[in-house]
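Trainee: Quick one: the structure is below, questions incoming.
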Amino acid sequence: DPQQIELTTTSKRKLRRFIVIDEVVDKLYGSKVREYFEQNNVQHKILSLPTTEETKSMDLVLNILHEVQNFSLDRRTEPIIAIGGGVCLDIVGLAASLYRRRTPYIRVPTTLLSYVDASVGAKNGVNFLQCKNKLGGYTPPVASFLDRSFIQSIPRRHISNGLGEILKMALMKHKGLFDLLKNHGKYLLDTKFQSCNSFADDGDAALQTTRIAIETMLEELAPNLWEDDLDRLVDFGHLISPELEMRVLPSLMHGEAVNVDMAFMTYVAHARGLLAAEEKEQILQCMRGLELPVWHSGCSWALIQRALRERLKHSGGQPRMPLPTGLGVADIFNDTSEETLERAYELWVRD
């Protein structure tokens, strides 16, 4: 809004910012964040919090809101800034949406998963009654600031975890992205998604991979931001994984649980005749190359049945099952039989 920009830049009032930062990120980058605000003469409050799936609750949201109230935030000109992984961005997004009915906020993702997933779209939320993101809303940020240099300080497993969501978009929408992951997965893990020179160009694997992942995610989300249409390719890997992830916490990270789901659904696609055996093996080989789990003992047949029943409750009585129909192409299916699912499960466990 040009009027708000003019008001902010011409105002005699000192700039003020409220920042929520994940406590691990604070240890690594907190001094730089504080130095930035001090050098720019910005009055600021930095709230450092443990933001994990186990702490992702309304209690933490209310904790943030108490601090926001004490800071006397102006909701028109002082956006809340969230710096952290996907859990941090989700929690802060929900807190901002509740304060004065809607306060602007900015996402600064610091993990690969949040860089390509949580930074995009409008959703926010917290876990409730042992269910993932059971409480939440749709409030997009006013901006997402993307900086891959954050990723260099996260453990290798966290990078693999983020590659799970990138692979999801590759399998659903982009054969070129799949080929990038298949051919450069180990390199991306080894280099932690840092560009090979100081000037990232179009030939840089890290830049290409993240750009295509975000662009394909935006293509899917932008026309359906409020999920009015429940047929969503981005739900691939998210039919069974919410139940699995919460059941086995903390043994699986989000992207890992998504990949276990995708591996099973790859077998379902093969059992239905949508994928050739060679394509199925290419997908599994790519997953292993990205150091992602392709099976988990907690993903029992009973859990799969329970998760799919839960899916029916929240998707208009249809399973709306996204399945790959080739490498980089997919469709939504509502007619997968119990017999096919069970046969796919038996083959998956056997392999």
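A Cβ is built for glycine as well, from the same backbone N, Cα and C atoms used for every other residue.
Grabbed the feature section from TrEMBL, which reads as follows:
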{"type": "DOMAIN", "residues": "48-160", "note": "domain '3-dehydroquinate synthase N-terminal'"}
{"type": "DOMAIN", "residues": "162-301", "note": "domain '3-dehydroquinate synthase C-terminal'"}
Trainee: If you run through the domain '3-dehydroquinate synthase C-terminal' (162-301) with DSSP, how many residues end up as helix, strand and coil?
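Mentor: For the domain '3-dehydroquinate synthase C-terminal' (162-301), the helix, strand and coil counts are 92 helix, 0 strand, 48 coil.
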Trainee: Mean pLDDT across the domain '3-dehydroquinate synthase N-terminal' (48-160), rounded to an integer, is what?
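Mentor: Result for the domain '3-dehydroquinate synthase N-terminal' (48-160): average pLDDT 95.
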Trainee: Just to be sure I understand, if DSSP states are collapsed into helix, strand and coil, how many residues of the domain '3-dehydroquinate synthase N-terminal' (48-160) fall in each?
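Mentor: The counts are 48 helix, 28 strand, 37 coil.
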